[in-house]
Amino acid sequence: MTELILSLDVLDRKEAVKVAESCAPFIDAIKIGYPLVLSSGLSIVEDLADLALPLIADFKVADIPNTNRLICEAVFSAGFDAVIAHGFVGADAARTCVEVAHRHSGAAYIVAEMSHPGATEFFHGGVAENLAELAVSCRADGIIAPATRPDRISRLREIVGSKAIYSPGVGAQGGDLDTVARLVDGVIVGRSIYEAENPGAEAERFSRIRR
Ligand code: BMP
């Protein structure tokens, strides 16, 4: 089964909870990043707790090991189940995120390659491959890879093997759901769902990948 992960980049707290509640039966996890946390505070985690869905903190943590540790401790203390971190800061810093996550019985995912057009300026030429290797060596639970470039997902799969690949970029960014769903463990979808007139119905439509 391929998981469907809702990217809840909704700024209004009440609206975010409403969207999450309507989508809950059709999704496997909720990804929350700076847009929602900066507008609503970390306590948004408590508002979503009743849904009993894993909450992924997409803070793309990218600092020195000690600061990464402080950030990740705050993330898991707030009630998140997983964190997304950058790997380009080096194995020591990325490993710190993984260690904190595992100490809290959570998960850590490393960004291997991003989905936007500008990502090719820096992530290509072997960089994404190196980041995927780093994710493996740091014992991360998986990587983030671009739904906008299925060929790159396949290449990165060769490196990470059975580790999870979660992939944003379907819908609003142009990635094709069915193509990507066959290659990854989870598809991350934001605007196509939460900007729809009926987010729950749209999530249900996307949830065909879970079958
Ligand atoms: P949308 O489906 O609206 O494009 O949202 C995708 C989500 O995934 C956004 O939260 C974005 O920040 C995130 N994301 C991405 O789009 N590409 C990446 O390479 C990594 C991401 O975390």
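The backbone N, Cα and C atoms fix where each Cβ goes, glycine too.
For the substrate site, TrEMBL records Asp9, Ser115, Gly190, Arg191, and the single candidate of Lys31, Lys163 listed with them is Lys31. Whole-number maximum of the Cα to Cα distances across the substrate-binding residues Asp9, Lys31, Ser115, Gly190, Arg191: 16 angstrom.
Each residue in Ser7, Gly33, Pro168, Ala172, Ile188, Val189 lies on the same chain as Asp9, Lys31, Ser115, Gly190, Arg191 and has a C-beta within 8 Å of the C-beta centroid of that substrate site, without being one of the site residues. Looking only at the active-site residues Asp58, Lys60, Asp63, the one with its C-alpha closest to Gly190 (substrate binding site) is Asp58.
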